[in-house]
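Enquirer: One structure, pasted below without further comment.
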Amino acid sequence: MVFSVLILAAGNSTRMGGENKQLLMVGEKPVIVRSTEAFLEISGVKEVLVAVKEEEKPYFDQLLSSFTKGGDIPVTVIPSGGETRQKTVEQSLAYLSDEAKYIAIHDGARPLVRKEDAARTFASCQTVGGAVLGVMAKDTVKIIRKDGLIEVSPDRSTLFAAQTPQAFKLSEYRAALETAKQEHFDFTDDAQLFERTGRKVAAVIGHYDNIKITTPEDVKIAESLLEQME
């Protein structure tokens, strides 16, 4: 297998008060460094691309090279900050190597992803064509109406909370993306592209500690989880 890993780190960090969450320290390493390192020891990964805002590229170049220099898997920072997640991914595809057969997309703000979980996701992707890492829902989920009243409570045993990485056969992902563009759909979750076009996506059960850092409180939680993992 030949996987290209795309790490998305071009968000606005609005819920962090404007502070770039990718640069916050978790266990004496920046968030983005931990998110990147998780993929550098997985068989089949041929490159890691980190998508950032164009004006931030020089800083991320220096930061990531100081941690990943000399490794077997090249890490490349690319300027690819679209208006939405889907547009950022679309722009980033132009930077993939010609050898890439599969793409894995990961949130830069998930620094605690386990390499064994990522590897299982990649293996499922090869079998099915698409795979998403995640966990079963712990809480009962309510679907509410626009007026704020509860409409229905889905069966919790069928609810899967998607995380990242999410991996796909590259040719199929490109085709699904093109369909979404033609139909003017813009998704916040990469697997939705596959789902909408009738393509299969496997659910890979991971760990609850693969949290996404979106608020200042999440940094403290990540620190605590890291201590338990180590």
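Residue 1 is the first one shown; counting continues down the chain.
Every residue, even glycine, has its Cβ placed from backbone N, Cα and C.
As annotated by TrEMBL, site 'Transition state stabilizer' applies to ARG15, LYS21. Here TrEMBL flags ARG156, LYS212 as site 'Positions MEP for the nucleophilic attack'.
Have a look at these and tell me how they're positioned relative to everything else.
Expert: Counting every protein chain shown, the number of other Cβ atoms lying within 10 Å of the Cβ of LYS21 (site 'Transition state stabilizer') is 25.
Around the Cβ of ARG156 (site 'Positions MEP for the nucleophilic attack'), the number of neighbouring Cβ atoms within 10 Å comes to 12.
LYS212 (site 'Positions MEP for the nucleophilic attack') carries neither a helix nor a strand DSSP state and counts as coil.
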Enquirer: Determine, to the nearest whole angstrom, how far the Cα atom of LYS212 (site 'Positions MEP for the nucleophilic attack') is from the Cα atom of LYS21 (site 'Transition state stabilizer').
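Expert: Approximately 10 Å lies between the Cα of LYS212 (site 'Positions MEP for the nucleophilic attack') and that of LYS21 (site 'Transition state stabilizer').
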Enquirer: Just how many other Cβ atoms lie inside 10 Å of the Cβ on LYS212 (site 'Positions MEP for the nucleophilic attack')?
Expert: 16
Enquirer: Work out how many Å separate ARG156 (site 'Positions MEP for the nucleophilic attack') and LYS21 (site 'Transition state stabilizer') at their Cα atoms, rounded off.
Expert: 31
